[in-house]
């Protein structure tokens, strides 16, 4: 049995989702925050950087003259208070912690789906392309990734007046949509296969049965694949 193009396309879509999800996680452009003194900074899941306002000539603390093109960045982690600077610290800290956890779970689920696809190509008994469990395992992994990303993104439904969502957040939304699309393609393929198996068996009788007075007639028939 040859590998179905729909399954390969779904896995490719999930791979793009995995790339976008990691790109959104490791870029410091999840939100933009404006401080009272006019300084601006971009905050990501794992990094925060001060931005240089070229119009006003405002630079980040500790930046020397002539270094207007550099960013002063700091690493963020679980429960970082600096992510909520200028906003409600407790709320923003919870938002970023939730998104970090959901991002890691989604990454793991997408990687498991890719590994399942590769194992199926090796011809393992339980994960072969002929086994329906192979597609179901990939669909479950991609659907889990989509589900947890939705949970994480919903936490950013309400943000403070000094904060604006940036392109990394929208990049993660695209990753969520692609993971959903990959899971939907596999689920549709599974259901379509089941409908084919529920159809009645087709028996084609050989023309040799119409011959008269012939001994040893063979009842040749062809059944449906299911």
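Each Cβ is built from the backbone N, Cα and C atoms, and glycine gets one as well.
These figures come from a predicted structure and were not determined experimentally.
Residue ranges 66-86, 171-191 are listed, and Swiss-Prot annotates 171-191 among them as transmembrane segment. Relative to the membrane, Swiss-Prot puts residue 43 on the same side as residue 168. Residue environment of residue 164 (N-linked glycosylation site) contains 13 other Cβ atoms, counted within 10 Å of its Cβ in all protein chains. Averaged across the topological domain 'Cytoplasmic' (1-5), pLDDT in this predicted model comes to 58. In the three-state DSSP reading, residue 164 (N-linked glycosylation site) counts as strand.
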